[in-house]
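Chemist: Quick one: the structure is below, and I'll ask about it shortly.
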């Protein structure tokens with residue numbers, strides 16, 4: 001190389017140092033199949049549970065209004081127990097038999113919008129007396145029947161809708177469908193999930209705007225302004241012995257800290273009688289004693305079980321509405337699988353792992369319906385982001401997180417305490433969480449060509465139509481009249497579900513209006529293409545307990561879409577899984593691991 005073409009020695013060394021520093025920063029501490037020390041596993045597992053805490057408790061609290069349970073805190077605590085229990089169970093199934101990546105399962109906001117549309121139909125509207133706390137006696141049989149009949153119809157509809165996901169996953173159809181579902185379908189769908197929940201957020205925040213504003217500001221302060229400020233905490237290891245270590249507590253637990261500080265402030269205002277004790281006065285719902293004796297009435301142990309609210313019923317209209325949410329969870333989860341693999345230093349998941357992951361997720365939604373959580377299940381994007389922050393992608397940590405969530409679901413007092421969080425504190429949390437969901441939906445457009453008039457038209461038209469059409473139908477409930485009652489109910493739920501209208505229009509327009517792959521935001525390679533540099537480490541996606549080795553001897557297995565299959569001649573040439581995973585991680589650290597913010 002000539003002198004003109006050669007970098008100066010100092011500059012070359014500087015570039016090398018920067019590259020080395022970047023590699024060190026992106027280097028994973030523990031890989032998917034690694035086993036961190038037990039004490040680190042416990043700490044990291046608790047962190048994952050706390051990361052999913054806000055979203056998990058939000059779903060039952062929102063559902064309680066549509067189920068006529070807003071004044072029955074004890075039943076709300078049972079719903080929280082159930083959703084934690086099922087989330088932990090689904091996490092164990094997904095990590096063990098599903099996609100086998102370190103990915104947490106939990107409730108999904110994608111089913112909330114069609115659920116609330118279903119419960120807002122005239123036949124399911126709550127009687128006026130259930131909205132008045134002074135008229136509600138939670139021990140009366142008539143009250144129990146009011147909310148149980150709604151929950152039974154909801155859980156039966158979820159169970160039937162989940163069969164679609166099971167079939168799509170285990171049949172391998174999901175790989176075919178993902179060719180047609182791009183960012184212009186996903187972006188309006190997820191964005192509208194957040195936008196459609198603004199009424200619930202405003203209603204709770206409006207019970208005391210001062211408290212809700214404080215909660216929101218605290219979460220913003222912790223998550224945005226203080227997130228990079230470390231807090232020294234005591235630590236111990238064999239080399240350094242007892243010492244202090246830096247821990248980014250504000251970044252890890254911003255939502256939890258915001259809730260706890262505001263909750264404590266409300267308690268102080270309650271015991272000092274600053275907040276009004278008269279239910280008719282503004283600000284009464286900010287008191288911490290509003291829920292009465294829910295903590296003392298709750299049992300120490302509760303064991304959720306299938307059919308705990310009675311025999312599930314099925315609403316045909318509800319099934320079709322919930323199917324729109326199921327499609328959204330599938331598209332969202334496939335994206336999470338690839339993000340999780342990338343942050344874990346693992347190869348992109350092969351087709352059989354994706355099929356199995358979606359199929360097992362469908363089984364999870366079936367279980368969620370059977371247990372009566374009022375919701376389904378999906379992968380938690382927030383916990384995928386935690387992998388990029390902690391640099392620990394061990395499956396063992398997520399398995400332990402699932403165990404902890406099951407334990408939370410069993411201890412009745414824990415969920416009872418959660419239900420005593422004052423409404424304005426919950427409203428302040430909703431303001432942040434639903435805003436983030438809305439922005440997450442819009443962020444899907446970053447891979448599209450936003451300078452293209454085609455992109456702007458499809459997204460803009462889908463969003464505006466999804467806000468206008470449901471609004472008009474809600475204000476004109478008798479406008480849908482086909483002469484067939486069941487068809488009217490189906491159309492009402494679908495056309496009043498913002499995310500269905502926006503996602504459907506985005507899907508149709510994106511697949512019919514001519515456009516390049518760059519405009520549509522589609523990758524040049526198909527998802528199932530895997531580079532040779534990762535081929536050996538694909539073993540991490542094998543079935544557990546030696547099932548893959550056993551099935552590899554059966555020639556028919558190659559035709560099963562959700563089963564891994566390897567030729568026995570190549571099976572023995574595979575190097576140790578952990579070694580190859582580390583090589584994959586080193587290759588990924590040259591710019592392929594993207595740290596989520």
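Just so you know, the numbers here start at 1 and follow the chain as drawn.
Here the Cβ of each residue, glycine as well, is placed from N, Cα and C on the backbone.
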Chemist: From the ranges 364-383, 424-443, 524-543, 544-563, grab the one TrEMBL calls transmembrane segment.
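Modeler: Going through 364-383, 424-443, 524-543, 544-563 one by one, TrEMBL flags 424-443 as transmembrane segment.
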Chemist: Among 117-138, 183-204, 249-270, indicate the range for which TrEMBL gives the feature transmembrane segment.
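Modeler: Range annotated as transmembrane segment by TrEMBL: 249-270.
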Chemist: Ranges 309-328, 329-348, 569-588: which does TrEMBL label transmembrane segment?
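Modeler: Among 309-328, 329-348, 569-588, the range TrEMBL annotates as transmembrane segment is 309-328.
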Chemist: With Cβ-Cβ distances below 8 Å as the criterion, list the same-chain residues six or more beyond the ends of the transmembrane segment (37-63) that contact it, or say none.
Modeler: 69, 76, 79-80, 83-84, 87, 104, 106-109, 112, 115-116, 197, 200, 252-253, 255-256, 259, 373-375, 380, 382-383, 386, 390, 392, 394, 396-398, 400-401, 403-405, 408, 418-419, 426, 429-430, 433
Chemist: Report yes or no: does the transmembrane segment (249-270) come within contact of the transmembrane segment (489-509), defined as 3 or more CB pairs under 8 Å with a sequence separation of 6 or more?
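Modeler: These two stretches do not touch.
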Chemist: Grab the same-chain neighbours of the transmembrane segment (158-177) for me: Cβ-Cβ under 8 Å, and only residues 6 or more beyond its ends, written as numbers and ranges.
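Modeler: Distal contacts: 111, 312, 314, 318-319, 322-323, 325-326, 329-330, 334, 351, 354-363, 365-366, 368-370, 374-376, 527-528, 561-562.
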Chemist: So what's near the transmembrane segment (397-418) in sequence-distant terms, Cβ-Cβ under 8 Å and 6+ beyond its ends?
Modeler: 30, 36, 41-42, 44-46, 48-49, 52, 57, 73-74, 77-78, 80-92, 95-96, 102-105, 294-295, 297-304, 383
Chemist: So what's near the transmembrane segment (309-328) in sequence-distant terms, Cβ-Cβ under 8 Å and 6+ beyond its ends?
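Modeler: Same-chain contacts beyond the flanks: 108, 110-115, 117-118, 121, 148-149, 151-162, 164-165, 186, 189-190, 193, 362, 365, 369-370, 372, 376, 486, 489-490, 492-494, 497, 499-500, 503-504.
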Chemist: Which residues of the same chain, at least 6 past either end of the transmembrane segment (424-443), have a Cβ under 8 Å from a Cβ in it?
Modeler: 54-55, 58, 61, 109, 186-195, 197-198, 200-216, 219-220, 223, 255, 258-259, 262-263, 266, 285-286, 381
